[in-house]
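K.L.:
So that we are looking at the same thing, I have put the structure below in structure tokens.
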């Protein structure tokens, strides 16, 4: 624009003197401008290329006196000191005008101010001509989520302190800005009693665990999870921000331009923002962007991590703006000269005589996105111990080795280390080829291709020769020796005759439940019975009340070990399962039916315990005694038996909403069985919480556990098939992902240590003689027939649980009716 308007004017003037701007009349006059015009008698230069006009009155000292506009004829004023670095640098000095405005100019060791000013004028001219675009961008910011700070107009981003003070004019006005002296923090600026005040918003990090933390914000008293919530509280309640100042905020000062414009207007680094701040209502005086490498580097280093505006310019294969071409070219040149600017994530291959390296292109546009392999001769190597976000230190051609990387400070989830049982070959899973394993005995050898090199293996695969693997993953192939191979059956299993002649038998996929209520022969129940028969409920309650809690726990443990296939597993069952224990089977895909059976028994037991409490037709004291007995059985299951599976079922029954709402019953328990109530509150409930958070290894010795906690694992694996009263409590926790990882790691340990659980159960049940009647009421089939009847026991699990949940709610309200207001609602 300037080149077209002033192309006819001379441009070969000397530049070693400082000249003022002259008007268009001076160009036509033959008189010397020194006699009539003073250097301080002109206003600011217009940013649209028009010529300056003469100003009447006392002449202020302005920044436009220090440089000349492109295309104007300069007139000499006085000799100028030559700088050793540049011929036309500007003297750096702040000046005060009559309004107290502070103007700070650039470093003298920069480029020509004329070129920079024209560039700034063009950008400002383009920005001024697109108000609709800025308005639309501002509306998009304000339509973000209410918890996003950018969606609130009273947030002004990184504006200087002086600018924020000028924006608040009346008592109660406020805005929130970024702290320039403490990046990452926020400051609330307000006016109270005709005085601008600044309050730093205290930021506190609450570390919940090693991997999770929560950030809270506060002034003096109450803390909030977000800054918008803090502002809403103080504005809505007219609460003083501090007791000392008594400042109250109620009138927000809203921004009228997007945050991007404010950021470009004032700069991003604290030092630059203070030097180039716009003061006292002069939005047309903007900080000039530096074209030097130091300015570009400073802006890049001081950007916040979440700044998406700057990331747009750094990504992709094309430059974001052609105006910054020289900046990027200088940055590219610096990057090639200094090792500290090596791109993260790639290595420069060492130069050798055998590899020709092509020179870098002369184009200033360079790629900052993905880097394709330009030459097949250059081999890209990736270090195995590389960390995400680790900067490279020098090229590979250096003689000195790189120092070891610093440990990562970001917390991450750690999987518990596997026990020594994982090193045993019997505990490892292997990939079996039925066609190959069928013809191989104990002494059979692998084909020669399997013992040779990878090339021979590929050759055999092309010839369709059978191999020991089906997948395309390459495994290490061991030489022929006396050690056991992972694809061969274990020696101990071979001696027991699990597989005849070493042949592989495909595991049996079970599709029918092991619980058959209609085929169950009971001493108490007729062939066909109705649900919740009163006589059967009383008989089961008498057996439960008259037996010792430890005896009841032993019967429950014995039945759990058979259902989970920890004890009483025959050779035929092992052959059908493909593994030796049900604890390992529930982690495998074909263990679907066993997982359903485990869920069935757990939920049926919990419902049965709840019915034992709610179905009592006796007095309040009888219900309190039943509660006490159940808590004692839970203690025995936890301490003596090590049966965490049934322990969780009893705790689930006690924590049902239909049970916890019985305030009179729990009060009677505390009065009559104080020690039992304390034991439940202080020991059982915290222990149950630790179990469901996957931290049982910290409070339970492994050698004391006979049946581990199974429900979190089987519930996760069968979530689409079975649901009971929504998700579990641990899944609603803030640390649910870490808890799930703990449960999955525990499942791996269960599969590895299945033999240890079996030996613990055999040791605990040694010499145990079960009672026939007590043993029957502990069976799942009896409980299903008692609760749902002979016909209802065949209905789908989900439907049965939903209907019985309504029955439990009705029984609970019958024992202790809700208040009248709740009943009316």
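Yeah, the Cβs are placed from backbone N, Cα and C, and that goes for glycine too.
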K.L.:
From 182, 418, pick the one Swiss-Prot annotates as phosphoserine?
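P.N.:
Record annotation (Swiss-Prot, phosphoserine): 182.
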K.L.:
With Swiss-Prot open, pick whichever of 287, 334, 414, 803 is annotated N6-methyllysine.
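P.N.:
Record annotation (Swiss-Prot, N6-methyllysine): 334.
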K.L.:
According to Swiss-Prot, region 'Mediates the interaction with BCAR1/p130CAS' applies to one of these ranges: 744-748, 749-753, 754-758, 759-763. Which one is it?
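P.N.:
The listed stretch tagged region 'Mediates the interaction with BCAR1/p130CAS' in Swiss-Prot is 744-748.
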K.L.:
Looking at 213, 290, 640, 790, which one is marked phosphoserine in Swiss-Prot?
P.N.:
290
K.L.:
If you check Swiss-Prot for phosphoserine, which of 32, 93 comes up?
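P.N.:
According to Swiss-Prot, the phosphoserine annotation belongs to 32.
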K.L.:
Measuring Cα to Cα, how many angstrom lie between residue 182 (phosphoserine) and residue 748 (site 'Required for interaction with NEDD9')?
P.N.:
47
K.L.:
Among all the protein chains here, how many other CB atoms are within 10 A of the CB of residue 748 (site 'Required for interaction with NEDD9')?
P.N.:
16
K.L.:
By DSSP assignment, list the helix, strand and coil residue numbers for the region 'Mediates the interaction with BCAR1/p130CAS' (744-748), in that order.
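P.N.:
Its residues divide into 5 helix, 0 strand, 0 coil.
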